[in-house]
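Enquirer: My questions will all concern the structure given below.
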Amino acid sequence: MRSTQKGKPSLEKIEAAPENLPGMKLEAQASESSLAKASSAESFSESQILEDKGPGTWSMTAWISEAQALEARAARAQAWETQACEAQIRASQPKQSSLDMGAAPVMKQELLPENVQVPQKEENEVLLTRPLWSNKTEYILTQAGYALRPGNLWRFTFLWLHSGGCSFLVIYLFLLFLLGIPLLFLEMAAGQKLRQGNIGVWKVISPWIGGVGYTSFMVCFITSLYLNVINAWTLFYLGQSFQFPLPWEKCPLMKNSSGFDPECAQTTPSLYFWYRMTLMASDRIEDGGPPVFSLSLPLFMSLCVLGAFMINGLKSIGKVIYVLVSASYLIILCFLIRSLLLEGAVNGLQFLAVAEIPSMYNVNVWCRAGNQVLFSLGLGFGAIVSVSSHMQPSNNCLSDAFVVAVINLITMLLVTPFIFSVLGFWATVITHHCSEKNTETLLKLVTLGILPPEAQPPPNLQGNPTSIFTSWFNSLSHSIQRKILSHVPECNLEKQFLKIRESTNFVFLAFTEAMSFIPGSSFWSFIFFLMSLALGLSTMIGIMQGIITPLQDVFSSFKKYTKSFTVVVFMLMFLCGLFFTRPSGIYYIVLLNDHWTVLPIIIIIIFENLAVSWPSNARSFFADLAILWGHPIYPIIHWLWSYLSPIMLLILFVISLFQLSLKTKTYVAWDSSSVCIIVGLYYSVLVAWNLFYLVQSFQSPLPWSLCPLMKNSSGFDPECAWTTPTTYFWYRKVLKATDEIEIGGIPVMHLSVCLFVTWLIICISMMKGPKSTGKMLYVSVLLPYIILFCLLIRSLMLKGANFGLKSLLAAKVPALYSVEVWRRTGNQLFLSLGAGFGSFTAVSSHIPRSNNCVMDAFAVSFLNLVASMTTTVFVFAVMGHLAIKNNEKCYLMNAKTVMDLVAANLLPHEAQPPDSLHHDPSSIYSKWLNNLPGQVKERILPHLTNCDLSEQLSEVSAELRKAILRSILDSQDQGSQYPLVIR
């Protein structure tokens, strides 16, 4: 189509043409009139279609009903068809007069509003209209299903339990109506009015805030990756629910044995099944590995199911949402009724009615409630905007926001008593088992004479073991109670209930264990995971709309191949999601879900609010909504958007930022300068640790050589007695480490002083620029090399150093074909040279341009290689020495065990180890053990610990820092003895 500004002939010229073309003139006038009628009635629809193609405005001048819009589109289509036929007739004629060349542009130019240009390639796109929801029910259910994310339902329960009970509910309702619903209405109105996804809608509202759309899109995409993996976990458990008994009810048997797996025996069956059978989790987040096949297949299946639901667009989505949401609510109601009939459900429901008034004044509770409001409604991810963009602009989205928020609130209020009842049942069963086990233990202790007869519990605990055991225990004297508690744990139902903590894997740990206690556990587990999968899929439908819709709006060519494009997107998400199915994937999911998404979502919502509440934008936005609805918007909404919501969001952001900073969580940007700052802070703390140890080294004996004595006592600290002095000194004296990462606290004073001195020395060294830095580097570089060579010589003289050096020279040929080894080597290469931090570039900028930097690069790399090799030999020698020392301690501990068994007449006197074992444990122990008779040896071996030297070396290499400290300690005090710790 030609532009309206090129060669525009006038109507007077056509009317003055010869009379031999009357038919053409009449047809042009008819086409012109029909198009003018369509344009006048379709002004809103056409402006929306062209708004992302050219400069037009988004202010509305007229409002039309749905029936009028359909009639206008039909008239417009007929006019276009008439014009196309005329063009075809003209093309078939052999000769054209000059009038023909002017008539066609006239007819074409009248098809468009004034001052709007449309390129010729977009002629066919003008007729395309945005697909709409079949009815409002499908739209509401889609929005509600998206908000019913299972993790948000569980988190609401935890917050109710640990954040004040009913007081938290009051705060949540207050923030829901003053913050949540207005912001939900904002996103619905923006998408519905502008008919675009979350990327383009904010560009139209305010160009300076267009980046918010891209940010929300990226957050939505990353979140969708691990939410799909959670659906895969659910699908895996759903498949396992067909077994009887459930695989997480009991520990698995060992192969070729009738005994249970010893690793499972040290924990609970549900915990073992989750980490070892489902996730196959690694010990550390750094340990990667290939994707777990048993999770990759459910991930592929869940995406296939989701793709089948969405492949046909809104038509199929609307029908599927009916089933998913309805089935979820039906199962929730069934579970609610069943849970209220469980034993101990009252014990859980009593926590539901607790109200802690001080929580009303707790800033942390308000912050948690605010975050819960934002996340439970799904704000900031862009899905709400994208789903709303397929609704009629005249729809009253304010009432939709209220309906969705109320549905979400009712769902959480239904799920909360259900979860409390099940957890009350779980705590009751666990406490019953604890009471029964304590009874068996006490009966044995009384029989052996370890406890007095008064400590004998009632033999019959039928009916209610916990109540009977607790009543008997409370009737005892305080002295007997103390003796009993020194041998058995306390069985407290309330403490057991409060052990439940918020976590991403709550459903797969505590809740699965609780479900396994219910009669008919396989059936109830099946429908529970079916409900979780339905909720997860309904959430993913909304999130996928937030991914596919904006991409189709930005790249309009994708609309022609919707099905193919949907398949490509799902395949891409499957490949990216495989990262989270690796053995360490669970750790990344926990970090992303608990610590990463909070701040980006709050920031996105703040900017969305500012974009609409900005004075000029707000007036235009409200005026357009008033025209569409036929009545003005309530003033309170304008007041909430413009004043209250921005202030509350800013306060919520500051508090959340402060809380995350106390948890020492860091975010590393891709910018090299930011990475250099963060790594610099990290290394400065390491230097502060070394400075603290340097000062402590002036003491004799070293403070990490022996366990400290207790105050007003001659005994050692019992906490240190359970581990080594070096470990105790490191965690308790140096770091003063907390038990959990979530526990913050104030900075440690002595480390803060050392950190200050460290930065002070660095500042003095660099204060005068390269001149002072160069002089300081002579000392700071040459001195470590001298000390390193001294340590190397000393380490080679240690006992067992040759064993460590043998391990150094061992070569494993299969490692040459291992991708993981090559990856680690590459990472070590970059990190050892310090590449990518920007330091080389900054330092090299102070050297003349004529300098031969190739030779410098070789020299630096060679010095780095020499230092690395020297340090490696030193460390391996130290590790060999420490492995020998641990091996000797193991021999001595075994000898002591045998001596105790001989003294107790449990072993014959022939098993008595020689007294000279202390002089040379390694050689004497092996000779003594090999010279024993076969029968005696068979009786001794079950009581001995495996003292394999290679295993000792492997344990030592796992903690190099402790190994070096212990070796220094051993070299100074060869006669000291340390407790043997079996981990």
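Backbone N, Cα and C atoms are what each Cβ position is placed from, and that goes for glycine too.
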Enquirer: Looking at 264-284, 369-389, 810-830, I want to know which stretch TrEMBL calls transmembrane segment.
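Expert: Transmembrane segment, as annotated by TrEMBL, spans 369-389.
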Enquirer: Other than its close neighbours in sequence, what residues sit by the transmembrane segment (586-607), given a CB gap under 8 Å and a spacing of at least six beyond its ends?
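Expert: Tertiary neighbours of the transmembrane segment (586-607) are 151, 183, 209, 212, 215-216, 219, 222-223, 226, 229-230, 279, 281, 285, 371, 374-375, 379-381, 503-505, 579-580, 646, 649-650, 652-653, 656-657, 660, 663, 665, 667.
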Enquirer: Using a Cβ cut-off under 8 Å, which residues of the same chain at least 6 positions beyond either end of the transmembrane segment (369-389) come close to it?
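Expert: Apart from its flanks, the transmembrane segment (369-389) reaches 130, 139, 142-143, 146-147, 149, 152, 155-156, 159, 163, 168, 171-172, 175-176, 179-180, 183-184, 187-192, 194-199, 201, 213, 216-217, 219-220, 223, 397, 404-405, 408, 412, 539, 542-543, 545-546, 549-550, 598, 600-602, 604-605, 608, 648, 652, 656.
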Enquirer: Under a criterion of three or more Cβ pairs within a distance under 8 Å and sequence separation of at least 6, are the transmembrane segment (643-662) and the transmembrane segment (159-186) in contact?
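Expert: Contact between the transmembrane segment (159-186) and the transmembrane segment (643-662): present, because at least 3 Cβ pairs are under 8 Å.
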Enquirer: Other than its close neighbours in sequence, what residues sit by the transmembrane segment (561-580), given a CB gap under 8 Å and a spacing of at least six beyond its ends?
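Expert: Same-chain contacts beyond the ends: 224-226, 228-229, 232, 291, 296, 299-300, 303-304, 306-307, 310-313, 544, 547-548, 551-552, 586, 588-589.
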Enquirer: Please report, as numbers and ranges, the same-chain residues at least 6 past the borders of the transmembrane segment (159-186) whose CB is under 8 Å from any CB of it.
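Expert: Tertiary neighbours of the transmembrane segment (159-186) are 351-360, 362, 364-366, 368-370, 372-374, 376-377, 379, 384, 397-398, 401-402, 404-405, 409, 416, 420, 498, 500, 502, 605, 608-609, 612, 637, 640-641, 644-645, 648-649.
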Enquirer: Quick test of the contact rule: Cβ under 8 Å, at least six residues beyond the ends. What residues does that give for the transmembrane segment (292-314)?
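Expert: Residues packing against the transmembrane segment (292-314) from afar: 131-134, 138, 228-229, 231-233, 235-236, 239, 278-280, 320, 390, 533, 537, 540-541, 544, 548, 562-563, 566-567, 570, 573-574, 577-578, 581-583.
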Enquirer: Give the nonlocal contacts of the transmembrane segment (207-227) in its own chain as ranges (CB under 8 Å, at least six residues past its ends).
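Expert: 149, 197-201, 380-383, 536, 539-540, 543-544, 546-547, 550, 573, 576-577, 579-580, 588-589, 592-593, 597, 600-601, 603-604, 607-608, 610-611.
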